[in-house]
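A.B. asks: The structure under discussion is supplied below as structure tokens; questions concerning it will follow.
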Amino acid sequence: MERTQEIYVSDHQNIEANLTGLEEMNTTMEIESSSAPQSKNYKKWLRISIYVFFVLACQALSTILGRLYYENGGKSTRMGTLVQLIGFPVLFLFRFFSRNKNLKSTDTNIRQFSSFTTLGSVYLVTGLLVSANSYMSSVGLIYLPVSTFSLILASQLAFTAFFSYFLNSQKFTPFIVNSLFLLTISSALLVVNTESQNTAKVSRVKYVIGIICTIGASAGIGLLLSLVQLILRKVLKKNTFSTVTDLVAYQSFVASCVVLIGLFASGEWKTLTSEMENYKLGKAPYIMTLTSIAISWQVYTIGVVGLIFESSSVFSNSITAVGLPIVPVVAVIVFHDKMNSPKIFSIILAIWGFISFVYQHYLDEKKLKTSHTSPVGGPLLPVEEGHTNIQSV
């Protein structure tokens, strides 16, 4: 009898030990499974933080360096345009090293849906538009103070909403209308307040030309963003990593070719040697300035494309909008731009308009995610980003 009890107790202890071991194993597996998504989420936000830094830092840096080039003896607007575009091979490297992580199986059959003629037409049209925008931007930057140039260029958000209304059925919500009104008033204050601007280095005619070209560049950027959104949705019918990266890279390639043709056809290339020799900071800083502009523009573009696929195109567009008011502040520090009452008021209105714009797109994305959610208790469905604006320049 005692022997039977010993066996029973021993078996009972073995069962308890096995159950305890199973519980510990399950607990370990749960910890490991929960830590894996946390680690993945941490890496994702680290990448997003890096891309945000790229956008905010390089957006301001490229504009400041562009003005530095003109401020110290640079006179070629076509060279100032070319350096914005010529760094496009960096995008192919970015695409190559990001291929394994971002490329989906649907990326490989993109050409089944888009013929060579269709792709060529898309790259040609958007490339021509990019070259025109970049050239007008260079003309505006050479004739206007950086702070004035940046604030007028910020109206691209208003133009984006305007063109999206016609091309992409963008709805004019109260926040969008408020943003349009504020950004329009912000730019108008600088346009009509020419007497208080620092125009000693340029004639009044050139100053007006600078304003017109900057407004034209702003409108062109808004048209480009809306057009790219339409192309991805209706023509290419793809919004994948390789599609967007190829579109940005090849349109920059086309734009670079157009600018190079203009540079040689106008004979402006003949003045580049003397321009480098007479550059106030020296020959080496001349080359370094142009190289830095090219690199900063492409790093900015990498940041924009990276944010689109790590988060969303709305978030990318919002970060770009948030970065626009940084440039006027930096310009006042670096170039001692005159900061008068109308310009301060213009900056306040612009920031208010940016906040209104960003908040509306935050609501749009929240609504989009909700619409792709199944009934209560069901799994989340994937959210497509093809319905939002894509910042591609």
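The count begins at 1 with the first shown residue.
Placement of Cβ uses the backbone N, Cα and C atoms for every residue, glycine included.
According to TrEMBL, the feature transmembrane segment maps to 48-70, 82-98, 110-130, 142-166, 172-193, 205-228, 248-265, 286-309, 315-335, 344-362.
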A.B. asks: Establish whether the number of Cβ pairs under 8 Å between the transmembrane segment (248-265) and the transmembrane segment (344-362) reaches at least three, counting only pairs separated by 6 or more residues.
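C.D. replies: Contact between the transmembrane segment (248-265) and the transmembrane segment (344-362): absent.
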A.B. asks: Using Cβ atoms only, state whether the transmembrane segment (344-362) and the transmembrane segment (82-98) have three or more pairs under 8 Å that are 6 or more apart in sequence.
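C.D. replies: Answer no, regions not in contact.
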A.B. asks: Taking the transmembrane segment (82-98) as the reference, which of 48-70, 142-166, 172-193, 205-228, 286-309 gives the largest number of Cβ pairs under 8 angstroms?
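C.D. replies: Most contacts with the transmembrane segment (82-98): 286-309.
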A.B. asks: Same chain only, please: residues at least 6 beyond the ends of the transmembrane segment (172-193) with a C-beta under 8 Å from a C-beta of the stretch. Say none if there are none.
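C.D. replies: Cβ under 8 Å, 6 or more out: 148, 151-152, 154-155, 157-158, 161-162, 165, 211, 215, 218, 340, 342-343, 345-347, 349-350, 352-354, 356-357, 359-360, 363.
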